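So Swiss-Prot lists these for the protein:
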{"type": "COMPBIAS", "residues": "1-10", "note": "compositional bias 'Acidic residues'"}
{"type": "CARBOHYD", "residues": "Asn256", "note": "N-linked glycosylation site"}
{"type": "CARBOHYD", "residues": "Asn261", "note": "N-linked glycosylation site"}
{"type": "CARBOHYD", "residues": "Asn363", "note": "N-linked glycosylation site"}
{"type": "REGION", "residues": "1-29", "note": "region 'Disordered'"}
{"type": "TOPO_DOM", "residues": "1-132", "note": "topological domain 'Cytoplasmic'"}
{"type": "TOPO_DOM", "residues": "154-167", "note": "topological domain 'Extracellular'"}
{"type": "TOPO_DOM", "residues": "189-214", "note": "topological domain 'Cytoplasmic'"}
{"type": "TOPO_DOM", "residues": "236-280", "note": "topological domain 'Extracellular'"}
{"type": "TOPO_DOM", "residues": "326-365", "note": "topological domain 'Extracellular'"}
{"type": "TOPO_DOM", "residues": "387-405", "note": "topological domain 'Cytoplasmic'"}
{"type": "TOPO_DOM", "residues": "427-441", "note": "topological domain 'Extracellular'"}
{"type": "TOPO_DOM", "residues": "463-498", "note": "topological domain 'Cytoplasmic'"}
{"type": "TOPO_DOM", "residues": "544-551", "note": "topological domain 'Cytoplasmic'"}
{"type": "TOPO_DOM", "residues": "573-578", "note": "topological domain 'Extracellular'"}
{"type": "TOPO_DOM", "residues": "600-989", "note": "topological domain 'Cytoplasmic'"}
Amino acid sequence: MENGEIEGAADDGVPVPAPPNGRRYRPVGSSDRAVIQMTSMEPGSSSSTAVAAVSGITPQPPRNLTVDPSMQEDHTVSQGDSKLELFGFDSLVNILGLKSMTGEQIQAPSSPRDGEDVAITIGRPKETGPKFGTMMGVFVPCLQNILGIIYYIRFTWIVGMAGVWQSLVLVSFCGACTFLTGISLSAIATNGAMKGGGPYYLIGRALGPEVGVSIGLCFFLGNAVAGSMYVLGAVETFLDAVPSAGFFKESVTVVNNTLVNGTATASTATISTPSLHDLQVYGVIVTILLCFIVFGGVKIINKVAPAFLIPVLFSLLCIYLGVFIAPRHNAPKGITGLSITTFKDNWGSEYQRTNNAGVPDPNGSIYWDFNALVGLFFPAVTGIMAGSNRSASLKDTQRSIPIGTLSATLTTTAMYLFSVLLFGALATREELLTDRLLTATVAWPAPAVIYIGIILSTLGAALQSLTGAPRLLAAIANDDILPVLNYFKVSEGAEPHSATLFTAFICICCVVIGNLDLITPTITMFFLLCYAGVNLSCFLLDLLDAPSWRPRWKFHHWSLSLVGALLCVVIMFLISWSFTVVSLALASLIYYYVSLKGKAGDWGDGFKSAYFQLALRSLRSLGANQVHPKNWYPIPLIFCRPWGKLPENVPCHPKLADFANCMKKKGRGMSIFVSIIDGDYHELAEDAKTACRQLDTYIEYKRCEGVAEIIVAPSMSEGFRSIVQTMGLGNLKPNIIVMRYPEIWRRENLIQIPSTFVSIINDCIIANKAVVIVKGLDEWPNEYQRQYGTIDLYWIVRDGGLMLLLSQLLLTKETFESCKIQVFCIAEEDTDAEELKADVKKFLYDLRMHAEVIVVTMKSWEPHMESSSSGAPQDDSQEAYTSAQRRISTYLSEMKETAQREGHPLMEDGKQVVVNEQKIEKFLYTMFKLNSTILRYSRMAAVVLVSLPPPPLNHPAYFYMEYMDLLVENVPRMLIVRGYRRDVVTFFT
């Protein structure tokens, strides 16, 4: 079809049939949003007049596309009105382009390998709820998640334990990690549209499904466990504020050593602490109540969320006001107000033992140091993913996520550093360590304000965790990578109730543990693992710098991402090497499980780009020079269906892949499986795609490392000639052509096979490709059929050692490892057999090959019949020889009669041939003698390898086929081998 023709109807309404070949095009319509509507190409034209001129034609949807009827407009541009009629229009390209732009990555069929049935519903993404800007969409959620329970009930304790200067180092260290992660997150998030799943989506699309799922599940666990941490923090604060609400009472005796007038004195004090059982009971109740809110859906959560944000900001204001006006008249003695003396006393660290509640105790079971404090404090800087988790609700993700995330990170880090200085100068170390809610004690106007603020802020953070974690799990399940997660799948817009129940179960289990200081290191590991994944993703994408890597956030560099990833790993080991090993082992187990059981997925991840660039670099490093024999690998091109006698649903002979595996040492190497379809490419393109998919499935089923290619050509000879010239790149071109011997040609009366067979062999010789023809492929053993006996080589001509190498490769397989190699040297009558045998033995010894050498002397050619002295083998060969003579004589007579009748020289398949009857008899007799020798010595061999004679020039292909038939007659399993003009083995180390 020409570009101007329309698939649909002409101006007069008469349908225009689409031609059988070629793409189907229609003119550009006004409803086609992917192209520019040109409205001013003529004087006086305008968009209004152009639209008014629209009439008549409703374009038909292309094949394999399901078009949403609601999106089909009633008006399109007719053929005569189209200004871009010359260019034509491919609706498939347009639809795929539109879907790609809206974030639905649909692969456009462009080759037989890409061909899939595409079902597309045309339509714009539905608007889902209000959109938020940078402040409310990213900055505030990040701030709310970062400022959590750790700041209120543990930060003053950390300052008292680590001292001012180590607390500053601690905050800077953890803040640098999250800031660098925020830079990496900003770069990835601004490189395209984001879907649900937050960091899982980013990591999975950058590092692949396996890494994405493994880190995503760990991040899900981190969020679920973080919910329990927030619940415990809220309950602990409530019990501290209202001790009478506890069902169980627990007190701790604190021993303080002081120095008075040079004499050490010890003072004891008894303080009440929340009971573990109270934490468990209230924690489970609060978790269940929060789950009821989560089950109410996003609308209820969005209405409740502001109530948890305002108390956070108000409580911070009250804390700072209280710090600056301290001490008040009723303040404890330990609160000195902002004092330089107190600041100096608290400058250094004073690590000591505490009980499970964090109260100093010389006999306590927990000893704190800087590494342990990193694990305790790091959750106070997490929460930077809150904005990316809400990408679907943002007006402009590529602007809001970088600005909002990094602003929240810098704001909280600056606030933490400022708070270290304030708290270090506010109270004595004893007060910092024993008053678990010092922030409430100093707050203005009353501690109750802080208690309420802490409880509401932590419950809000817990609500966010219980809301985000199920959606993360549902996003992983919806990607359909891990079948075991199918239970958590949800339809678009539905609430993930199953995932919410599972998250609540994990949260309740952690609440039952009841120890906040033991839970936080676990959360830290999972969050650090996720942050390391984000940094590694940006590092890989930045380093590869693929054409698709064009983030709008320009302030990034691969070195910053690498430093961020290393910081994450260092912090993990600083906290606890045992927790680190466990978390990495868990992620590795999930990775292995996904790679083993997960479904295949290609998200265009960075690893694929890395493999591509590595392959290009390796290919360039190989150069165009010949590979040294020490580095030579067989790259077989497997000719799958050369003679066309397999069922249509069988893409390749079942034993060809078994034989291809036998040509590789320990599976190293690559095979190229090729099949040729006779016909016109435009007509058979879809058939080629289907055949390619079937062949790919066959290769995967046979566990053979190889690729499938389907070629459509007018004839098998032309198709093979194209393959042998163009297949492969540089030194990765196939060097061995493997195909089945056409045993069926005479039985099926396929008279075209001889000429095709000869043409293929001649093409291989001209292209300098080795040839391996397998006779008896139906009887070729699989990997479970062990063979015994010998592998016999009939070494007639020098082939660069290919035949010897093939025999050694066969021995490396379990099927043939029990066999021994015998080398038969075919010598003329006047050759010194013993000298030849010694030379061959020395040659094999230098090649590190173990084989028995046998010299067979054949009499010079004499056109006479010999009597058999060895019984059946000679009789079998004799019968085949006589039959071949008779068929050749008949065929030659017919050729002569045809040439005489039509008055032209001897012709075969339209080509002139030269017939020398004496040479024909000589060639035939040589094959007879060789076949007789093979049957005499190697009838029971596991495999026989023999040299392939090249087709004589201008010789009838039918005669050559008769020679080959006589050679392989009655030999059950044979490899006919022809090397090429180079060595594949070497003496040297």
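Note: Cβ is positioned from N, Cα and C throughout, glycine not excepted.
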Just how many other Cβ atoms lie inside 10 Å of the Cβ on Asn363 (N-linked glycosylation site)?
8
I need to check the long-range neighbours of the topological domain 'Extracellular' (573-578): which residues 6 or more away from its ends have a CB within less than 8 Å of a CB in the stretch?
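For the topological domain 'Extracellular' (573-578), the far contacts come to 370-372, 374-375, 378, 521, 524-525.
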Find the average pLDDT over the topological domain 'Cytoplasmic' (600-989) in the predicted model and report it.
82
Of the residues in the topological domain 'Extracellular' (154-167), how many are helix, strand and coil by DSSP?
13 helix, 0 strand, 1 coil
For the topological domain 'Cytoplasmic' (387-405), give me same-chain residues lying six or more residues beyond its boundaries with a C-beta closer than 8 angstroms to one of its C-beta atoms, as numbers and ranges.
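Same-chain residues near the topological domain 'Cytoplasmic' (387-405) but 6 or more away: 128-135, 137-139, 141-142, 182, 185-186, 189-190, 193-196, 198-199, 202, 468, 471-472, 552-553.
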Please give the sequence-distant neighbours of the topological domain 'Extracellular' (154-167): residues at least 6 beyond its ends with Cβ less than 8 Å from one of its Cβ atoms.
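Same-chain contacts beyond the ends: 343, 346-352, 358, 368, 370, 373, 376-377, 380, 416, 419-421, 423-424, 427, 429-433, 435-436, 438-439.
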Which bits of the chain, at least 6 residues beyond where the topological domain 'Cytoplasmic' (544-551) starts or stops, bring a Cβ under 8 A of a Cβ in it?
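Distant Cβ neighbours of the topological domain 'Cytoplasmic' (544-551) are 186-188, 190-191, 604, 606, 609-610, 613.
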How about long-range neighbours of the topological domain 'Cytoplasmic' (463-498): same chain, 6 or more residues beyond its ends, C-beta under 8 Å?
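Same-chain contacts beyond the ends: 128, 141, 144-145, 195-198, 200-201, 204, 209, 213, 216-217, 219-220, 223-224, 226-227, 230, 287, 290-291, 293-295, 297-298, 301, 304-305, 308, 386, 389, 504, 507, 593-594, 597-599, 601.
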Report, as numbers and ranges, which residues of the same chain sit near the topological domain 'Extracellular' (427-441): CB under 8 Å and 6 or more residues beyond its ends.
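Sequence-remote neighbours of the topological domain 'Extracellular' (427-441) are 151-153, 155-157, 159-161, 237, 240-241, 254, 256, 269, 271, 319, 331-336, 342, 345-346, 350, 358-360, 447, 450-451, 454.
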Residue list, the topological domain 'Cytoplasmic' (189-214) vs rest of chain: Cβ under 8 Å, 6 or more residues beyond ends.
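Residues 102-103, 220, 385, 388-389, 391-392, 397-398, 401-402, 468, 471-472, 474-476, 478-479, 481-482, 530, 533-534, 536-538, 540-541, 548-553, 587-588, 590-591, 594-595, 598, 601, 603-608.
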